[in-house]
Amino acid sequence: MHIVHTIAELRQQLSGFKRPAFVPTMGNLHEGHIALVRQARPLGDVTVSSIFVNRLQFAPHEDFDSYPRTLDADAERLEAAGCDVVFAPREKDLYPEPQTFKVHPATDLSDILEGHFRPGFFIGVSTVVMKLFSCVFAGMPTGVAAFGKKDYQQVMVVRRLVQQFALPIEILAGETQRAEDGLALSSRNSYLSPAERQEAVHLSRALRALGEAARAATGQPDLAALESQALQALARRGWKPDYLTVRRRADLAPPQGALADVPLVVLGAAKLGNTRLIDNLEI
């Protein structure tokens, strides 16, 4: 396995290949990332993973500076998973000058949910994804890129980006990997204290309960009331929830009318202590 830091080094390593399988990450890897590498690997002729903590998607008050940087351990895990090339650019490598050209995704998808509570987040995500795609796939006839469904809205934004720019890239959405108690694996789980780690599973349980209540309702359910009850129940446990909501899988819009035949997803984000966690469940 090769570890490279510059775009020129990356392209040199990829010369001669025609279909990269790419897994972008911010490092501090867990089994969810490794599962994506294993799923993507058979779909390309070379497997690439990037490790880059992207400043553009962090607000000034968020955890950019404290986000764990664990390159050596991450590289060991990626090599064991069969990764061929690790692209670990420094900030000066990916952004040698201020990134004044940015990708602004459609507001109907990017200004809701995560985008509402983290303004500018999806601009930062879309910009770095487009830049990484340019680094990995430039000159390639086709390729595949893998993202985890835990970041459900992000996957949808990336799919729209690929569609709108006619990029010859297949997007693979990997299922959320969970701990035995149901907690979605996340790099930020490492912030949790032992007591918070025990409590953290209640986010996925709240989403499951909300989804079951929505599906059990006959006719046109009062989703606002069900969502409010779910928020209050989580808050009583000491959480600070941003949202717990039922949305259509197709576009993340609130469903209208009866829900019987509508593919839905329940999404949630809440802060436990100083750690903000997100999760979702398709129902």
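Quick reminder: no glycine exception, Cβ is built from N, Cα and C everywhere.
Given the structure is predicted, the values throughout are model-derived calculations rather than measurements.
Secondary structure from DSSP puts His33 (active site, proton donor) in a helix. Under the heading active site, proton donor, Swiss-Prot lists His33.
Among the features that Swiss-Prot reports, ATP binding site is placed at 26-33, 148-151, 185-188, with the record citing sequence analysis. Annotation note: Leu185 (ATP binding site) sits in a coil segment as assigned by DSSP.
Marked as beta-alanine binding site by Swiss-Prot on the basis of sequence analysis: Gln57. Annotation note: Gln57 (beta-alanine binding site) sits in a helical segment as assigned by DSSP. Around Gln57 (beta-alanine binding site), the C-beta neighbours below 8 angstroms that are at least 6 residues distant in the chain are Gly120, Phe121, Phe122, Gly124, Val125, Val128.
The (R)-pantoate binding site annotation in Swiss-Prot covers Gln57, Gln154, and the record cites sequence analysis as its basis.
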CB within-chain contacts under 8 A for Leu185 (ATP binding site), separation at least 6: His30, Glu31, Gly32, Lys150, Thr176, Gln177, Arg178, Ala179
Number of Cβ atoms other than its own within 10 Å, given for His30 (ATP binding site): 16
Gln154 ((R)-pantoate binding site) versus Asn28 (ATP binding site) - Cα distance in angstrom: 19
Number of other Cβ atoms within 10 Å of the Cβ of Gly32 (ATP binding site) across all protein chains: 20
